[in-house]
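**Student:** Sharing the feature lines straight out of TrEMBL:
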- 12-28: transmembrane segment (TRANSMEM)
- Y101, D187, V188, D189: UDP-N-acetyl-alpha-D-galactosamine binding site (BINDING)
- D187, D189: Mn(2+) binding site (BINDING)
- E279: active site, nucleophile (ACT_SITE)
Amino acid sequence: MCAGVYCGNRRQLLVLSVCVLTGLIYFLRGKRLAAVSIPSVPLLSDVSRRGPPVEGEEFPMKTPWGAPLVWGDSESSAWRRDEFAHHSIRTSLAILAVGKYNHFLRRLLSTAELHFLLNFYVTYYVLTDRPKELDPLPKLGSNRELKVIPVAEMPGWDTLGLRRMALLASLIGDRIHLEVDYVFCIDVDQEFTNAVGAEILGKLTATLHPVFYGQQRYYYPYEKDLDSMAYIAEGEGDYYYTSEFYGGLCSEMLALTRACSLLILQDQERGVKAQELEESYLNRYLVNRRPTCVLSPEYSWWDSPQAPEVPTQRLHSIGRQCLSTGKTGGNTDAC
Ligand SMILES: CC(=O)N[C@H]1[C@@H](OP(=O)(O)OP(=O)(O)OC[C@H]2O[C@@H](n3ccc(=O)[nH]c3=O)[C@H](O)[C@@H]2O)O[C@H](CO)[C@H](O)[C@@H]1O
Ligand SMILES: [Mn+2]
């Protein structure tokens, strides 16, 4: 453009010279920048972030019944976040920590403060047998609070796996539904590693189990005992969901936890126990009441040969990671 305006008079010659000089400076600066060696050490966020997911076989964006299948960096997730941005929604996390699992609490809370529903009202409901472990209370951001609910429960994932639904049902019914709009149930042996935003807000939200993502239905560990209330027949069911992270509107979560705890009680009365405990009953419930929002394995991930590569790891299961390495024999204390 500079060269094109030269018409022969002195003023134009001056303009032309300035343009050429400026161009030369930019050219030389470009060379200098290129000469500066950029360190080849990848930034931490690059390790767990790949390009944004694009609709396709690897990254389906919808379930067969039309619910969103959520990848946090996709365009549709950005739209969902925009939709919620101007509503003052009250959200919450319900966390159970009994016995040795209390040692996971601070890591979950501190990472939630960095990544979970920032810019929303968040209440942490911590059900614990050791309220003193939260003394002093962790420092929280504005519009975020923590409420401790003392519980007298026996430790052990095999017992608590049958108690948590009942505990949640009474807590949601008595209190949570009066105080917030959404409640998410989360295993305490996890940590947030990247942003989890309003894209997860649905009437009823469930998360795909990473190990069974993309597998044939035949491999899903649905309950096969005909006597169990969690039994899922051949041809029933869409996906296999994890029990480590699910949630939704309080009314939906009240219905879910009440129904599941009733199924568990009915089984216990007859001495029957579904193989995957709470997860089996959750999956049974979600066959009949399909989730309106399905989170991809970005929201339940651990490093395992069977887990898929995901664009961004957002919620990491420390407990299941430990189990999959086999080093600790399921003793998450060692993690
Ligand atoms: C279905 C499945 O794959 N289960 C395995 C997986 O469980 P899960 O990840 O299904 O269970 P888990 O051990 O994380 O227990 C579920 C949740 O109950 C709470 N909780 C549990 C026990 C306890 O003593 N105190 C307590 O507070 C806590 O919030 C925990 O996150 O990993 C466990 C070890 O981590 C066990 O090896 C389970 O076999
Ligand atoms: Mn767990």
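Any Cβ shown, glycine's included, is placed from N, Cα and C.
Describe the structural context of each listed feature in the structure shown, including burial, neighbouring residues and relevant distances.
**Tutor:** Its own atom aside, the Cβ of D189 (UDP-N-acetyl-alpha-D-galactosamine binding site) has 24 Cβ atoms within 10 angstroms in the protein chains shown. For the recorded site, D189 (UDP-N-acetyl-alpha-D-galactosamine binding site), the DSSP three-state label reads coil.
Taking a C-beta cut-off of under 8 Å and a sequence gap of six or more, D187 (UDP-N-acetyl-alpha-D-galactosamine binding site) has these contacts in its own chain: S243, E244, F245, S317, G319.
Residue density at E279 (active site, nucleophile): 21 other Cβ atoms are found within 10 A of its Cβ, drawing on all protein chains shown.
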**Student:** Measuring Cα to Cα, how many angstrom lie between V188 (UDP-N-acetyl-alpha-D-galactosamine binding site) and E279 (active site, nucleophile)?
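**Tutor:** The Cα atom of V188 (UDP-N-acetyl-alpha-D-galactosamine binding site) is 15 Å away from the Cα atom of E279 (active site, nucleophile).
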**Student:** Among Y101, V188, E279, please name the recorded positions whose Cβ is nearer than 6 Å to ligand 2.
**Tutor:** none
**Student:** For the C-alpha pair, I'd like the distance in angstrom between E279 (active site, nucleophile) and Y101 (UDP-N-acetyl-alpha-D-galactosamine binding site), rounded off.
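**Tutor:** Their Cα atoms are separated by 19 Å.
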